[in-house]
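As given in Swiss-Prot:
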- CYS29, CYS227, HIS252, GLU256: Zn(2+) binding site (BINDING)
- 31-41: motif ''HIGH' region' (MOTIF)
- 285-289: motif ''KMSKS' region' (MOTIF)
- LYS288: ATP binding site (BINDING)
Amino acid sequence: MALRLYDTLTKEKRDFAPLDPSRVRMYVCGPTVYDFAHIGNARPVIVFDVLFRLLRHLYGENHVKYVRNITDVDDKINDRAARDYPGLPLNESIRKVTEQTERQFHDDVDALGCLRPTVEPRATEHIGEMRTIIDRLVEGGFAYVADDHVLFSPGAMNAADSVLPRYGALANRSLDEMIAGARVDVAPYKRDATDFVLWKPSKPGEPSWPSPAGIATQGRPGWHIECSAMSWKHLGETFDIHGGGIDLVFPHHENEVAQSCCAFHTSRMAQTWMHNGFLQVEGEKMSKSLGNFVTIRELLATEKFGGRKWDGATLRLAMLKTHYRQPIDWTADALHEAEKAIFDWSDFTKDATPGSCDDVIAALTDDLNTPKMIAELHALRRAGKADELCGAMELLGISPVVRGTVDLDATAKSLIDARTAARARKDFKESDRIRDELAAMGIAIKDGKDSDGKPVTTWEIAR
């Protein structure tokens, strides 16, 4: 079954042909470990976990190498460490922040049903590779030293021979457009506004390492060079797939291409570039100022969103209802709908043995067409094919959820209490209205009598 993927660079869907079918290689940009991951961060984790699972199915579990990095050196980490542990030396407080945040990230994405990557390298473990690449770039005339910084020159790249790609090709921007669109002051040590930092001097107390390019003072890497170094170390100069969020296309991924191709004199860093779309919450951009900023942990463990906690399988399915390249609107209604499907499928497959699911796989091989995939899951349910549905859920990392293991949210509890009060005062019109509102939330109300003959109301998640 042929796999077709949309390539951000060529702007077209193409047949996927790995450089080496016995060693399929994928790199995805991972978290900067300074705080809990938010729901927008969960989207690429889930999307590329599905792709990882599909590649393992198509090429064999032992023939796919998935690398997702951990960024553990960054200004945001330094600021968080100084704020949370003011009494400790900065290096020690940074270690506490990064180790704790990495554990939190793993707990959260494990709950979402995601497999661990084959390799999960930390940036600080690859400083030597970063220095090697930087030295090559300086020697090749693509980078220069200024005021103890090392900067990359996109202009030098575009003036070089035709083997190299054009800087700006991935983001479909020209250098002139980038210069015209610059909205920040250009540092005085830069030769050109588009030049970007490969290495910079460390401030007193900050993490620091011996510098490349003959610089006497110690320093630390820029963000972009980290991923070039880690992908090179674990996947080679050129590999099959590079993924991440659409917000990383420029400047991060554009700069990765520039660094890697110029350092290794290659025309491509990755054969296929894949990017997932943006996420908004209830129709608005997610932001702390709007009060709609929500972390994975808050969705799993608190009642912040929709007035209740949510199971990881529900979050996963809700994320997959929208095609990965399209923007997604994260809503409580979508979570209720996903949960209803999960409960139904879980009940239906509880005694099933995982079977083949060719139609589901066919949908996924069409550029991860998860809306079509979900339609196929519903079709299997309607056709009574429990084994096939069970196999599809297993392939997709959708864990069965036992009915009753999800807490009833505060809003629903309040509505049920209000309906009970309405029935007690014989306000049946209000009682029926609340019943319909609960039904719209996926909660079925049943009225009956207890062993003493007194009225009693029970509820269940509707099928």
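A Cβ is built for glycine as well, from the same backbone N, Cα and C atoms used for every other residue.
Just so it is clear, the model here is predicted, and its values are computed rather than measured.
Structure with Swiss-Prot features highlighted.
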residue : record              : Cβ contacts under 8 Å, 6 or more apart
CYS29   : Zn(2+) binding site : PRO44, ARG68, ASN69, CYS227, GLY243, GLY244, GLY245, LEU248, HIS252
GLU256  : Zn(2+) binding site : HIS224, CYS227, SER228, SER231, HIS242, MET269
LYS288  : ATP binding site    : none
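A simple way to gauge crowding: the CB of CYS227 (Zn(2+) binding site) has 29 other CB atoms within 10 angstroms, across all the protein chains here.
Around the Cβ of HIS252 (Zn(2+) binding site), a 10 Å sphere holds 17 further Cβ atoms from the protein chains shown. Counting same-chain residues at least six beyond the ends of the motif ''KMSKS' region' (285-289), those with a Cβ under 8 angstroms from any Cβ of the stretch are 38-40, 279, 330.
Applying DSSP to the motif ''HIGH' region' (31-41) sorts its residues as follows: 3 helix, 2 strand, 6 coil. Using the Cβ center of CYS29, CYS227, HIS252, GLU256 for Zn(2+), the list of other same-chain residues with Cβ within 8 Å runs, in sequence order, TRP223, HIS224, GLU226, SER228, HIS242, GLY244, LEU248, HIS253, ASN255.
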